[in-house]
Amino acid sequence: HMEASTWEEGCKVCTCQSGMIQCTPMMCPSTKYCDYGGEIHRDGVQFQPNSCERCMCDSGSVSCTSVVGDCPTPTCINPMMLPGDCCPSCPTSCGRHAEGAEWSMGPCHTCRCQFGNIECVIQQCPVLSCVNQHRLAGSCCPVCDVGCTFEGRLHRNGETFNSARNQCLNCTCQNNDVKCSEPRCPEVNCPNPIQHSAQCCPQCEDCSHGNLVYRNLQVWTTANGCQRCLCQRGNVQCQEIIPCRTCSHGVKVEGQCCKECMRCSYHGTIYRDRETFTSSRDPCQQCVCQRGSVTCTRVTCPPVSCLDQHRPPGQCCPQCPGCTDGLEQWTTGSSWQQRGNPCMTCTCKDGDIRCSRRVCPDVTCDNPATMADQCCPTCARCAYHGVVYGDGETVVAQDACQQCTCSRGNVECSEQVCEAVSCPSPVTRNGECCPRCVGCVHEGSSYEDGGSFTSQSNPCLTCTCQAGEVSCRRMECPSVQCTHAGRRAGECCATCDGCDYERRNYRNGERFTPVGSSACISCICQDGGVQCTSIDCPQITCHNPTNLPGQCCPVCQVCSHDGEEYEYGEIWYADSCTTCACDGGKVDCTSPTCPTAPCSHPAKLSGSCCRTCEMCELDGHTYSSTTTFPHPTEPCRICQCQDGNVACRSRPCPALSCTSPIHEDGTCCPSCPTSCTVGTSQVEEGDSAPHPTNPCLTCSCQDGNLNCTERCNSSPECSHPTDGRCCRDNCDGCHYRGRSHDNGEVFAHHRDKCRSCSCINGNVRCRLGQCRALSCSNPVHPAGDCCPRCPDTQCIHNDREYADQERFVDGCRQCRCASGSVTCKPISCDPTTCTHPVKDGCCRSCTGCRINHVDYQNGDVVPDSSSNACEVCRCLNGNLVCRARTCPVPSCSHPTMKGCCPACEGCLYNSISYHDGSSFESFENPCELCTCSGGNVGCERVVCSEPACTHPDTPVGGCCPTCDGCQFGSSTYDDGAIFASHDNTCLTCVCSKGTVSCVNKPCAEVACSNPSIGSCDCPVCSGCSYNGVTRRNRETFTNPEDERCSQCYCQDGNIQCESRPCEEVACHNPTFNKCGCPLCESCNYMGVTYSDNERFIDSMNKCNLCVCSQGTVQCIHTPCPAAECNPVVPEGECCSKCVGSCDVDGVEHEDGSIFPMASDPCSSCSCSQGVVRCIKLGCERSCSHPREEGACCPDCSGCRYQDTLYEDGQFFNPPDNPCRRCSCYEGNVLCRDTRCPVPDCAKPETPSGECCPKCTEAIHKCCGSCENCFYLNQTWSNGHRFQPNACQDCVCINGNIQCVTKACRPLSCPLNQQVHSPGSCCPRCANCSAVGYLFAEDETWISPMDSCLKCQCHNGVVTCGRTRCIVPCQTTVAVPGQCCPVCRGCTFNNMPHEIGSTFEANPMDPCEVCECSAIISDSPSMTCHRVMCPSLADCPRTCIVQPDPGTCCPTCASRCTYGTCGSHNIAIPHDNRCMSCECNANHTWLCSPTSCPPLDCPQSDRYTPKGTCCPICDRCYLDVENRNVASGFSWRVSECQSCRCDLGSIVCSTQQCPMLDCPHGMLTYKQPGDCCEECIDPSEGCVYDGHTVAPQHRWLVDKCTTCQCFAGENCVTQRCRMLMCNSDEAPSVTPGECCPHCIPRPASCVAFGDPHYQTFDGRMIHFQGTCRYLLTADCSRAAFRVEVENRNIGGDARVSWTDRVHMTVAHHRITVDGFYNVMLNGTQVPHLPLLIKPYIFIDKSANTLLINTHLGVRLSWNALQHHLQVEVPSSFKKKLCGLCGNFNNLPQDDLRLRNSRIARSDIQFGNNWKVLGREMQSCPDATPYNPCDGISYRKRKRANNACKVINSDLFAQCHQVVSPAMYFSACVHDVCACGGNEDYCLCDVLETYAAQCRRAGVVVRWRSSTLCALNCPSELGYVFDECGSPCKRTCANTNLPPSVIEEQCYMPCVSGCQCPAGMVEYDGRCINSMDCPDTISVTD
């Protein structure tokens, strides 16, 4: 840019000045135009940007309104906008699931489609602490097994019951264990509590008060004389003796009973009377102390207009603070310019900042720009879509097809013209204008844009072509239900149509032998599962059969040696020193062992077997001593033999004369070459040979160089040769004068026709024709003829006569008779096109071949005609055609060449030959591992471990995804890269170690307080968001928080709300409406609201009577009369009154005292203000047959029945009726009739003293009748209804009695106040208790605390109502004890009334009544009030009778019914469903509120049906079982208790058992599952399987069936369900149980044998390394590490076993060797057990050393059998590495190397995990070795026979749990390797298999005297146990609790020598625990 030049850059205008560029914002255009959505609209123009909005440009601002109205908020998370719709809507389905559909994803997953969203809920299972658990079929969560036996009864888990021996003992069966606890009794504060026999907790009868003890109902006065107290059953009730003057905040003075009311005590501060103060707790409370009472009123604060108010400390009213803009504080009224916005001027007013925009002048351009730090726009630059451009600068338009330029503030654009494209589907890219053709090329194939396809190199990738780019995603494979799902070639997902077994694929139905297994194992692939069986071999006839490699069954083989045949296994002597044997068809000869000779090259002399030093032997040649000889294999050396030692030296070489000497193999010195190589042949020096490819060249060898020349004969044997193969040297024809003639052909001379020429062997001879002599005398010589002829002369040729000119054939010549002479020429033949024609008659023909002077017919094979042995040459149409030999079509896909033909014995893959069974990488995809199997190459993708990140990236050329980068969308990002989300522009993402995390882009800060939400959910000030609703700028609306009283206004993102003004009122005590405006409709006085015309007593002065009149309160003072006694002002009253005592029967009682009445001990009386009130005492309980009569309350501790006294609980028969059985229960006699059997005779007789009649003679009737009913010793006719008692209605129906028990409504009074009326079923309340007094039913009284409160006792409930007073006079007198004021005199409306009369005060209102009495000094006085009507709550609304004229109160109809009161005992009013009414005996209704039952369901599930009172639920929640059950569902809680869900309430009922009186000799017995007992004969036996079983005998039929002889045969058989275990589970049988169950698959790794490793995932690995290896370790956090050291077995360096174990955990190093020596951190542990709290515990049990760690990692080591087992918890899943695999439930990838790749063999895998240490550097890698390959057939057969015991019936019970296949293969391997110690290795493997069975819950007793017998030292006290406890008792732990020992034991059981029961182990022997020293080794 030039100096002082100006240009536009985006929204800025830049200037070059003094070499510096300064840019300022461009001036914006005037507001007459609007820029909206990239389009310019003029002022006042309406436009519609889309179908859902209509907008208008108004002074530069665009305001839009919705065409269709506000859209509802979508309820789904993925709303979609359908074409043509304006509002987003939710999709109506979820893929293949319809809207609202619910489905299950397994027993624990429930999914639902709602508004297009799939919501899945996983059922959370509670943690069960019980040991025995099981999962029901189809259920998700396991449950605890049932089982608690307590006091001879079985209780279920969760059941709560009471002990039969102690009813106060509450027990619970939880987790198969019974826990009992005594009830929590409330604390008693009496000195001598009493506990009754039928109660569990003690109760108080006496009272303790003030360190003194008082009897029940005793009354006393407190020590200060201020209170009188009463003792009621341990509770003390006290009241003031002298009523104190009422003041709420009086000051308590010591020594006085009443508070001083001349001062006030308020919140700890004393205030003077009439003192005004502010509350210390609430500064808005202004209080005043008036006569001991504090009255506070709330301070009214002046209104403030600011929103952000604050209240200074200690002040009440809020104030408007100053303003702050985030950086500075501004005072109210100050103004300033807004930072960063020069166009805004702000002002602080009442705490709010109000900013206004500066008005700029209009501009004439359309796109003005604003310069930096300026407010108004100019036309010097252009502002376009937020970017400022300089004048003349090119403007970037949103439409790529427009080319725009900035010109003086205006953006001028023109359209771009696009060229036509030829493809059918052109694509226009983002940012481009013109379309173009786009396609995709991927892996050499072309794809259309938008097409989807499967990757050719990886079938697991689904790719899409989009705009020329290919994006691929990995296919999700469904889960399969088979155990060995296979994967087909070219397919991604494994299916059950094939099998994957040990990383090899097999077709469905294919049989195979597993790799590495015995050939006698045959497996079959069946629907994705693999089943393996052993092959049964047929019988053989030979004596010494052999077993061929790869075959299972032996065959008969013989050996041939020196012309003789020998049978398999036969041994013979080949010579005097050699012994030979026949082994598998091979001759194996051995010689005797000879002593080592003292020389280096001893020789074997003739006749001797051993070598000697008398001669020398070198490379099979024998030399005499002192002989010099050339080295037999190294010609460059000369050797000498001396006393059996050979010394050699180099030989000297002669000089050569040639220039290119060579050094031939087998020669010492270089020499001149003697031959040359021509093709595959050698040509000697000076010789020649044809060229191998060009037959026309001849090559000669000279000095080793090959010289080739044309192969032509320069001097052929003929003069006119024809063309041969290379040149003209063929004498089999003639080439003459440019023409070729066949051999023997005669042809005319080219010039002299009288001459004839002939071709003979390449030579042409021409001569004149010889004219024969004519016999005629007149010959003629025609012109042109050569010879004369006789006219018309015949010819004779070969004794035949031919006419003149006759033509004939003579052999191979064509002849003619001419003038008596015959001329012949060879027959003309067609030329041949073949190379080897055969002569066919006179001509050559291609019907055969002549090769090497031999003729062959067409199609014949020509032997020895090709130098290639794989070619076959045939004669075809005269040509020698050589073709490759025809081979049979191989049955495999990648055969190798065997000789000339392909064979399936290996694989040819990518031009590389592989042996059968070998594995290699795929050349097409390095991520695939291929295997050659029978000529077929099967490739499968390398199984990658699941990365620990969410967006792993697969590097270029890599196989597995890693966390070094991120794959997000279709793009790849480096670690640490920050980028924008590809599908959401509002998100910023970062790649961190393979995981992409996205967050919302940060939003710019806004200056407004109520911004609306713009794009990317960022706040903007162009609108307002208030109370969840978005408002447009400058919109006025009603305040949603206060719709009636305030309105709000939106201004630039700020909400301003203000109250609506109130109208002024003229009253002094107005109330206020919701808006705070005063109303004169009622009065607010001292904080209390009174209705208009309501009269009330002044709360500040009880002597003032006030009235509310149209918002103003007027009060007048009421004077008190003079008192004639010592006045006492009662609390809450104005005037004082007298308080006196009561005189009853000559005894004076103080006021307020309670005392019994002397004449009626069953009554209790009280004295109140001189009035005596007495009521009957309510008894605690009542009974029908009390022990004693005459007392106030009955004595129910026994029963008196028919003048006989019975104790509580005693059973008896009444003397007058032996057929009744009675019992005494709490004073009640309960009797029932004895049910006698119906005698089957016509005249039964009843013996004396007995109840039931008996038949005296034989009877034959046996059956009864159901026509009538026999009940309660009475016969009832069918259909008869009767009431056996007051609470039951029964009916007889077809011999069955059906009874309905009447339900009693709940009562509100306590149980001790409920009584039963004679003949009634339900109880009723006896009396009411209020203010310390007892009141009888329907009694009415005035409350002693408030004289205006009138109360009534009804049904035990106290209801009170307030008296409303009427003042008919101007001057009244307040009388103490009276509610209403008193008027002097009884004149009303100028009419006098007498004392005692009652009259109506208002003729229009009969409820206003006045009474004339002598209250004031015996003079007439008048009081008026409104009549208090009795409560009609018990009367239905339809039965209320309105008052008659002149009467006040409504009444209830005397015979009110709901229909007919008599046939309906219970009714519910239609107008109040919450009332329940009962018909009384007088046919009136007694109504009470309905008591709703408690609900056992969540609050959200409750609802109240229409027309009902109580809420209900459709289900119940069972808290114990943590589940919901539907209404109507029933279940058994215990044997006698059952519950059901009744509309949300759990209703439980207990079965009542009848009283049993079993005959003599019979017992009561309760059948399992029954509630009640029955009488049974215990001496009755049983018959089982034809045998008699004694009573009480129990026997076990099998482990699933148990029987017992008791009350008849009782057998229970357990049925096992079909067991389907998951892939990570295994079946297991608990000892003693019948059925197997699934348990988590044991995460254990086992190393055994020589050695074999069974990984955590169950794969068997055979590896015989002799170094130190990593067995397993935590490769993610290095929490632990286990290493093993292997050593050789005997002298065989190729076979090893585990000899030493190293473990590192919790910074401790533990080493265990083969002698059970334990080293801890380099120091030997002297004795075991060893405890390192809390990390490690080490102990030895039998032959097993146990190591337990705090991580749950456990190790067991049997050094005698070299057996090591490591267990890990599930928390280490996918975190392990080493020889034990990675523990991910995938055995296919257990051969994973350190570099995460999969090893091709066990040997490669084992060597890779060798521990690389200083001591291991010289340890060599292991090599492949199978010990069974190097031994004889006899030994192999013996190994197979010995190991077959694993597959025999001895271990049959374990075969279903632990497959024996892998252990059988390992057993054969070990027995082959053990040599002479075969039994040791056999027992090692058998013990390993038995140990795995014990882990699965199956104990096999497999040892015997002939099989692996184990003898224990009985002299030391040991015995052998196959399944002994690993928690052995030793002297070290004999004093520890069993639970402490069991925490360290984790094996189910171990086999070995154990101490008998009662003995412990010490110092290698079993001793009595009493003889133990107290020792244990503990390391802190």
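Backbone N, Cα and C atoms are what each Cβ position is placed from, and that goes for glycine too.
Here the domain 'VWFC' (205-262) has, by DSSP, the following mix of helix, strand and coil residues: 0 helix, 23 strand, 35 coil. What TrEMBL lists as domain 'VWFC' is 205-262 (among others).
TrEMBL lists 321-380 (among others) with the feature domain 'VWFC'. Break the domain 'VWFC' (321-380) down by DSSP state and the numbers are 0 helix, 21 strand, 39 coil.
The average per-residue pLDDT of the prediction over the domain 'VWFC' (438-497) is 80, rounded to a whole number. What TrEMBL records for 438-497 (among others) is domain 'VWFC'.
Per TrEMBL, domain 'VWFC' is recorded for 497-557 (among others).
Taken from TrEMBL, the feature domain 'VWFC' covers 557-614 (among others).
Under the heading domain 'VWFC', TrEMBL lists 732-791 (among others).
Taken from TrEMBL, the feature domain 'VWFC' applies to 1081-1139 (among others).
If you look up TrEMBL, you'll see 1140-1197 (among others) marked as domain 'VWFC'.
Annotated domain 'VWFC' per TrEMBL: 1384-1453 (among others), in sequence order.
Under the heading domain 'VWFC', TrEMBL lists 1450-1514 (among others).
Annotated domain 'VWFC' per TrEMBL: 1514-1576 (among others), in sequence order.
Look at TrEMBL and you will find 1643-1820 tagged as domain 'VWFD'.
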Let's see if you can do this one: DSSP helix, strand and coil counts over the domain 'VWFC' (732-791), in that order. 0 helix, 25 strand, 35 coil
For the domain 'VWFC' (1384-1453), residues assigned helix / strand / coil by DSSP: 3 helix, 34 strand, 33 coil
Could you give me three numbers for the domain 'VWFC' (557-614), the DSSP helix, strand and coil residue counts? 0 helix, 28 strand, 30 coil
For a three-state summary based on DSSP, what are the helix, strand and coil counts in the domain 'VWFC' (1514-1576)? 0 helix, 29 strand, 34 coil
In the domain 'VWFC' (438-497), how many residues does DSSP put in helix, strand and coil? 0 helix, 26 strand, 34 coil
